[in-house]
Structure formats: C-alpha cells, structure tokens
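Asks: Please read through the structure below; I'll follow up with questions.
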Amino acid sequence: MDNQAVSALWSCASATCLSLDAKRHSIEPNPDGQASPDVNNNNNNHNKSTTTVDAHSRKLRHIAHTPRGSCFMALLLLLLLALNFRHAHSCGPGRGLGRRRERNLFPLVLKQTVPNLSEYHNSASGPLEGAIQRDSPKFKNLVLNYNRDIEFRDEEGTGADRVMSKRCREKLNMLAYSVMNEWPGVRLRVTESWDEDRQHGQESLHYEGRAVTIATSDHDQSKYGMLARLAVEAGFDWVSYVSRRHIYCSVKSDSSPSISHMHGCFTPESTALLESGAEKALGELAIGDRVLSMDVKGQPVYSEVILFMDRNLEQVENFVQLHTDGGAVLTVTPAHLISVWQPERQTLNFIFADRVEELDYVLVRDATGELQPQRVLRLGSVQSRGVVAPLTREGTIVVNSVAASCYAVISSQSLAHWGLAPMRLLSTLQSWMPAKGQLRTAQDKSTPKDATAQQQNGLHWYANALYKVKDYVLPKSWRHD
C-alpha cells in the first residue's frame, strides 16, 4: 500500500472518530442533570424527529460506551497503524539449532594435528592404558553408540565399530550434530572404532575404544579438512588429518584425572557459616540450612540451601587450593567459579578456579563480618576424597570464609543462575505446600537434620541434564574444557 492510500485511510479514520466523539458528547448530560444546550435547541426546532434522534443517540451511546465498540475502534486504529509500516527482512539463526560460532573456522591441512603434540602427551589424549578384549574386566566400561545420525561401516559384522569409551561417544555424538548443521543431508561416517582384531599398529588407542576413524557419508574428500576442524571444536583431545581418505580422532581415558570430575565441588571438610553463627562442614549440610552467601552487590547475606548439585563422599578428586594473605584457604575443583575482585576497574567477576593467578584478589569474610578483598599468595593442587556442591537460593556461598559461586563449568555466573531458576521455583512451591512442610517437621523430630542431604549420592538429575545440554548450546569459549 502506497503512502497516499495510507494518508487517505488515516483521514477517514480521523474524521469518523471525531464525528463519533462529537455526537457522543452532544448527548451526554451535564453534571447538574440538564441536557446540553445543543440538544435543547435541537429538540425545540425539530420536535417531529425526537424519536429518531433518541434512537440514534442510544445507538451512538451503545457504540461509544460498550467494550465491544471500544475494542472495535482500537482494532481499527491498530490495523491502520500497522499498514503504515514497511515490512523488513530479518536474519535468521542459520541452518539448524547449533550454536553460533564466535569466529571463522579454518579447515585443517593434510598431515596437520591438533594439538601439535604427541598423541600420548598428557595435554593430548594421554598415555596408553592397555588393550581391551571382550573378556577383559575393562570391557564393561565401554559403551555402544546407537546414534541414528551416524553411519557405522561395521565391516566385521560384529558391531565393534559401535563400541567405544564414554568420552569418545560423547564427542562423537557432538561431532555428528555439527556435521548435520554444516552439510545438510550429510551424515558422519565411522569407519573404525574399537578394534579387537589388532589390525592397527602396536600402540593404538583403537584397542582401548578411545579412537575413531571418520569420514562423511557422501565420501566427499573436499570436506575432510573442515571435518577435522569440526572434530576439534567437538572436543576430541587429539585430531589428525592423517589421510585424504579419512580423519583420525582420539580422546583421553575415562579414568584420566584431568577429566574424572568435570563439575565443580568443594571438599566435605570445608565449612560454611550458618545463620546461627555456628560453622558446619559441607558434608553435613542439609537442605533448608541457611548459610552465609553473597548477593549481587557483593554484600554478605544468608541464603537457604535448596539442593545439592553433586554429593559423593567417597569419590577421589583433584582440587585447586587458594591461599590468601589473610590465612584463608579454599579447596575447590578446577572448573568451579570463584569471585575475583579487580581493584583497577572496581568490579567483581567470576572465573574458573584453575585460572585464578597469584596476586589476584578474592573476597574473604573478615572479623567484622564483611567481605573484603584479600590477595592470593599461593596456588596449589591436592587430591582429596569426597565432593559436595550445595546450591543456595542466591547462587553463591562463602566456604572457609572465601566467597565462591555455587556453579561450575560455565563461565557466566548470571547464565548459570538463570539456568537453575526452575529449581528455585520448585523449591518455593514446595515450601508453600502445608502437607510437605508438616511432613518435613515430623521427619525433623524423628531423624537427624542432615538426613536430607545423605539421601543424595551423586550428581543431581537436573544438573546432569544441564551439563549434557551445554555442549550443544554454548560456545566452547564459555565452557571449561
């Protein structure tokens, strides 16, 4: 519709609205109950048309004052207003639902490996652990991959190409998703996975289910350089564009200390400050305890523990230790978020524990009860038994007097806090249920308070779901890999 037509419609609409408004006001009574002078003059001069005017007035009053009439006029004006706007084309999210790339991806070149290290280096896929046969005790640790988006060649006819380690399956499924987004209609093809016939070299991770040889279902060799790059982005620990006919990828062992616990936790011996003023070990915390936390402004507040993201008192893990100049010591897993104060910018950020550096500032509770910056003097690592990850309503917790996040793996505190909003809502709804509250009161009288926490052993189901989804929706730079 051109501008002249729109202007004409606007003029008609304005005239109609003004006419209806004038007629509506002309028949409204004055505050003293008298009719307006215009109506009196009209009645004196046109007595014969009184009946017609009254009927018309009632009709106008009905149109002007009923909700149906008001809605009709509003819709008419909105329609005319919409016609005055020109349509615009917006950019869509691209093919599929995959995460957007932050940078351009460059294909690998023939014979290139990422990282440029030996495959058995600790920073790559790590050392060999020994071949696995069907009758080996470790064979039960391998898994089958039935992903329908992956084409398995299976030359042997035994299904061996579907057998692999858990980490290898995770990365392979992620790569299959990326391949479908990169080339619609093309699937990832696995030509070799676990090898029980020892058809490779003496030292091969194929024998452990930690390596795969891949290609594309259309056998288009021009895609293989980009396929190798996608494998790197998917998280394979070592990728080699070894041949023009295929790509070789391998991963760390599932029992590798560097990946044995990818979530964020504290040690059970670490303590939190209760609202009563008493200190309590994290291994003894219970849902409903109110512990010292930190609000969005960096001020100390007490917040309720609503669940445990993870809790396993027997698992042995590697931890990072932060020592401050005030004597505080925080022991936490490398992927956990720690609050770091930047005095130059006067801002508070959250970074992964293994990326905190000496001379950084962390917030520590002082003798007055306030959270004050203290310098990190020394960093170390320690191996300890047990992991505990309480989640408070604030999303933060002060452990061993050091302010830390309740979240890990994801670099954004606000995004992680938003992701746990359903659990906070569920906790609130449960607190409003009298029956549940009465049941909890009855249980508190008959059982120790920490029985609630002891019922959980392992990763919380909702946290586990978020950890699995993150690889598909978040950029790699946002994750602790």
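The backbone N, Cα and C atoms fix where each Cβ goes, and this holds for glycine too.
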Asks: Which single residue out of Glu156, Glu170, Glu182, Glu233 does Swiss-Prot record at the Ca(2+) 2 site shared with Glu192, Asp195, Asp197?
Replies: Glu156
Asks: Near Asp197 (Ca(2+) 2 binding site), which residues of its own chain have a C-beta under 8 A away, given they sit six or more steps off in sequence?
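Replies: The list for Asp197 (Ca(2+) 2 binding site) reads Glu156, given in order along the sequence.
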Asks: Using the recorded Ca(2+) 1 site (Glu155, Glu156, Asp161, Thr191, Glu192) as reference, state which further residues of the same chain have their Cβ within 8 Å of the centre of those residues' Cβ atoms, listed in sequence order.
Replies: Phe152, Arg153, Asp154, Ala160, Val190, Ser193
Asks: Which of Glu156, Asp161, Asp310 has the fewest nearby Cβ atoms, counting only those within 10 Å, among these recorded positions?
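Replies: So among Glu156, Asp161, Asp310, the recorded positions given, the one with the fewest Cβ atoms within 10 Å is Glu156.
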